Amino acid sequence: MKSLLFSILLIYLIQLVRSEECTDKHIHCFFWSQEGECEVNPRWMKKHCQKACGTCSLTSPTPLTRQQDVPTARTFDDQQDRQFLPSRPSSIPEGCNSVMTVEAETRRIFSSGQLTARFRQQMCAEEQVAPDCSINQCFHKKYRSMDGTCNNLQNPVKGAAFTAFTRLMPAAYDDGFNTLVSASRRNRPNPREVSVFLLSSERSLPGHVNSLLMLFGQFVSHDITSNAAQNFCGCQNSGPMCASIFAPPSDRSRRCIPFTRSFPICGTGQFGRVREQLNMNTAAIDASLIYGSEAITARSLRFAAMLRTSMIGGRMFPPNTNPGSLTAGDGRAILFVGLAALHTSFLRLHNNVAARLQNMNRHWNADRIFQESRKIVGGIVQVITYQEFVPELIGDASKTILGAYNGYNPNVEIGVLNEFAAGAYRLHGMIQETYPLVNSQFQEVNRYRFIDGVNNINHVLNNIDAIYRGMMTVPVRSPQRLTTSVTERLFGGSVDMAAVNIQRGRDHGLRSYNDYRRFCNLRPITSFNDWPEVPDENVRQRIGQLYRTPDDLDFYVGGILEQPAAGSLLGATFACVIGKQFERLRDGDRFYYENPGVFTSPQLAELKRTTLSWVLCQTGDNMVRVGRRAFDIENGSRAVPCSSITGLNLEAWRE
């Protein structure tokens with residue numbers, strides 16, 4: 001009898017041990033199983049996600065060592081011995097009974113696609129309708145809305161998606177309210193002529209930082225700006241929305257560059273109401289290009305606490321629902337191969353954070369985990385922007401222009417400036433002709449042309465690490481001239497970005513270069529021969545041949561030609577305007593990461609330790625070494641192991 005009982009007990013214990021040993025070997029197994037990956041990729045999932053796929057059996061071989069639920073070596077620095085307060089402040093906002101994680105809909109919501117279709121039908125863009133922030137006040141006290149409304153509780157649409165770009169100075173149109181500058185008065189040169197004669201050059205002057213800076217700058221641009229424009233005008237069209245650029249007779253490479261004006265906000269551009277343009281993205285730096293700038297898109301990208309993914313080769317990517325595309329919160333995710341890589345990295349970062357929070361705070365529901373993860377990722381993007389990107393872009397003047405942070409100011413206009421979006425931040429001159437693909441030993445293994453990486457995700461699906469390392473090794477191009485890749489060969493040669501940038505500035509009513517010099521307390525130029533910021537006499541002579549007087553000079557042209565200031569990639573005028581914009585995005589954002597109460601003190605300390613290098617280590621395919629400072633030019637000699645790159649410890653979020 002005793003031996004029988006012993007045998008039964010032994011069998012039970014063996015079953016128990018084996019059932020415990022049947023584990024998921026990856027942190028995202030449950031999420032992938034819910035997405036149908038057990039059926040789509042059965043071989044890989046059965047090997048790595050037995051428990052999630054329900055393929056455990058007593059006949060399964062017993063692993064020699066217990067596999068851990070979550071990766072530990074390279075994920076988050078929770079092994080490091082850092083002390084956190086034993087009792088944390090309440091996460092419930094003041095005046096609320098609980099943490100509200102869902103924003104109740106109080107108005108009809110449209111997707112970006114639906115709104116764009118309406119704009120095309122009406123030939124004008126409707127602005128966002130202000131919600132009643134008091135209805136969801138406990139949600140708004142803790143989390144951002146998807147469309148940016150109620151960031152400013154006194155003015156709910158300030159900085160929200162689908163609201164007007166703002167201005168530093170009143171608009172300038174030929175007729176005072178609608179017609180492009182120089183369209184009727186002819187006081188400025190043909191944009192294509194300016195591009196060919198002045199701005200386009202195959203000569204590349206290296207900047208002091210690497211090409212990741214260009215890439216991250218584009219990432220930030222797509223986070224905070226999306227112009228309501230559609231390219232439906234051909235060169236044969238002459239309607240009120242069309243302003244195509246006809247090349248001068250001497251231009252042998254093309255006859256015309258199609259150009260469609262940005263949709264005006266409905267009711268503007270008419271006598272008595274100056275034409276204004278719509279920003280379809282949230283103004284705040286909030287990672288909206290990952291999550292979407294309105295609720296419908298956001299819901300389509302989300303599964304419970306996670307962001308939806310496609311598993312390709314055992315790796316996570318943004319949904320690959322159509323061949324050759326990736327679906328993200330912004331429709332321009334695959335505009336360039338490097339941009340698609342960053343979309344992939346920050347999607348992986350969200351899902352890594354969400355999985356860790358899910359394991360750490362099992363009492364949190366999916367909405368709480370999603371909102372906290374989104375808040376953390378948005379905070380990380382802000383940290384990289386203000387601690388790494390802006391100082392390298394603007395240089396020594398960044399601290400003076402932005403000033404010290406003194407907390408949230410609801411009176412600051414957070415909206416994106418027309419002068420920024422349609423002028424100073426159009427830094428296509430940073431783009432190089434070609435980029436290398438570099439292996440883990442920092443050896444070049446292949447090279448691709450920039451134009452071949454446009455709307456092409458093949459390199460991303462193969463190895464995003466090689467893309468990043470290639471960007472690290474190549475100096476960013478000084479933006480004072482544009483490579484012929486973007487003036488002569490982009491999109492099959494149909495687009496000249498220099499000419500388009502000039503025309504877009506005129507379309508958006510930007511004033512002259514001298515007007516913005518005065519705004520920035522810089523001496524306006526009275527003669528092209530007396531222009532210290534442009535020391536090249538040949539360049540000044542060419543400008544004089546194109547423009548009649550300095551007061552006619554386009555803001556974009558004058559700003560981009562300025563010699564970079566100390567430690568900067570930009571001249572003084574562009575540095576001023578871009579600095580003012582980032583100051584507004586910081587001071588006018590109630591959820592800016594340093595604003596007291598947005599994060600606890602331990603959480604804030606952890607966020608400040610994150611860097612772009614850390615993000616690349618956490619989210620690469622198998623990133624082994626990086627430069628400690630992501631924007632420093634790196635040939636491998638100073639690269640350090642990813643294990644030495646410190647970053648976020650999520651213990652500060654344990655409840």
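Residue numbering: from 1, along the chain as shown.
Using N, Cα and C of the backbone, Cβ positions are placed for all residues, glycine too.
The disulfide bond recorded by Swiss-Prot for C38 reaches one of C22, C53, C56; that cysteine is C53. Looking up C576 in Swiss-Prot gives a disulphide bond whose other cysteine, out of C520, C617, is C520. Reviewing C56, C96, C150, the cysteine that Swiss-Prot connects to C133 via a disulfide bond turns out to be C150. Take the Cα of C617 (disulfide bond) and measure to each of the recorded positions C150, R332, C576: the nearest one is R332. When the C-alpha distances from C520 (disulfide bond) to the disulfide-bonded residues C133, C150, C642 are tabulated, the minimum falls on C150.
In this structure the alpha carbons, written CA, of C38 (disulfide bond) and C642 (disulfide bond) are 31 Å apart. Per-residue confidence over the domain 'ShKT' (22-56) averages out at a pLDDT of 70. Here C576 (disulfide bond) is positioned 53 angstrom away from C49 (disulfide bond), judged by their C-alpha atoms.
Using Cα positions, the member of the recorded positions C133, C150, H222, R332, C642 nearest to C53 (disulfide bond) is identified as C642. Of all the recorded positions listed (R332, H428), H428 sits in the most crowded Cβ setting, with the most other Cβ atoms within 10 Å.
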